[in-house]
Amino acid sequence: RLQFHDCWVGGCDGSVLLNSTETNQAEREAHVNFGLRGVAEIDEIKAALEHLCPGVVSCADILILAARDATAKVGGPTWTVALGRRDGVNSTALMADTNLPFPVLNFSGLVANFAAKGFGAREMITLSGAHTIGRSHCNGILPHLYNFTGRDDANDTNPAMNKNFAVFLKKLCPEGNRTNTIFIDSTANTFDRAYYKNVLQGKGIFITDSTLITNPVGKKVVTSFSKPRSSFFTEFAAGMVKMGNLGVLTGTEGEIRKTCQFVN
């Protein structure tokens, strides 16, 4: 999530790691970045690297490498990462909320959001598979569970969601509770194909998950990725490489931050 939320906003320049200042709300304060985690871990890695080789490895590169290694560590694929990114100096919440997809988009909305960054529908469905690991705050799924069509009815749940699953989620996320956390996959600590099986069963956590099978092309790809020996791992790795090359700063552009949360 941290790589996606960095690269989608002005390119992979580590801008998502920057703190707000008195005069600027940084990306991490954006609505779409609610509950974003991993910044402290990147800082820890950066401190160790600065001790050994100061001014050499950018926060942007560390973030990309950490996303790759974290994926592999929980059973996912690995991939080769090109290095040499430099760190950006600009970070605004408005840019994040303008560029990143909100969890209530329908299929065509997701396709349009990814197309704006040069990604096709299949690549969007592939990268959605990142939801095979991790947790979410209830904040992201309340629109799925309550008042789905806007008629101010607590029983107005997304009809695409499995009814028993909706009952289960409502116990974990009571109406109005934004801060409880839930797993976003039935095998949330393992990178596998269960995400796609769950989506086919009406057990997608976000509206953006359940919407993947509302389109015939989307449903075909989800079905394919849910099966053993599918190409999901290979295509996911390729998608992450492509994402990691978005809008990178090189040469004399940007800087190598001494600390990831502050510009030099």
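Every residue, even glycine, has its Cβ placed from backbone N, Cα and C.
It should be emphasised that the depicted structure is a prediction, and the values quoted were computed from it without experimental measurement.
Features of the protein shown, as given by TrEMBL:
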type    : residues                               : note
DOMAIN  : 1-264                                  : domain 'Plant heme peroxidase family profile'
SITE    : Arg1                                   : site 'Transition state stabilizer'
BINDING : Asp6, Val9, Gly11, Asp13, Ser15, Glu27 : Ca(2+) 1 binding site
BINDING : Pro101                                 : substrate binding site
BINDING : His131                                 : heme b binding site
BINDING : Thr132, Asp185, Thr187, Asp192         : Ca(2+) 2 binding site
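TrEMBL feature annotations superimposed on the structure.
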| residue | record | contacts (Cβ under 8 Å, 6+ apart) |
| --- | --- | --- |
| Arg1 | site 'Transition state stabilizer' | Leu36, Arg37, Gly38, Ala130, Gly134 |
| Asp6 | Ca(2+) 1 binding site | Cys12, Asp13, Gly14, Ser15, Val16, Leu17, Ala60, Leu63 |
| Val9 | Ca(2+) 1 binding site | Ser15, Val16, Glu27, Met95, Ala96, Asn99, Leu100 |
| Pro101 | substrate binding site | Val32, Gly109, Leu110, Asn113, Phe114, Thr208 |
| His131 | heme b binding site | Ile184, Asp185, Tyr195, Ile205, Phe206, Asp209 |
| Thr132 | Ca(2+) 2 binding site | Gly76, Asp185, Thr187, Thr190, Phe191, Asp192, Arg193, Ala194, Tyr195 |
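Within the set of binding-site residues (Glu27, Asp185, Asp192), the lowest number of other Cβ atoms found within 10 Å of a Cβ is recorded at Asp192. Neighbours of the Ca(2+) 1 site: apart from Asp6, Val9, Gly11, Asp13, Ser15, Glu27, residues of the same chain with C-beta atoms within 8 angstroms of the site's C-beta centroid are His5, Cys7, Trp8, Gly10, Cys12, Gly14, Val16, Gly88, Ser91, Met95, Gly247.
Counting Cβ atoms from all protein chains shown, Gly11 (Ca(2+) 1 binding site) has 19 others lying within 10 Å of its own Cβ.
With a 10 A radius on its CB, Asp13 (Ca(2+) 1 binding site) counts 29 other CB atoms from all the protein chains.
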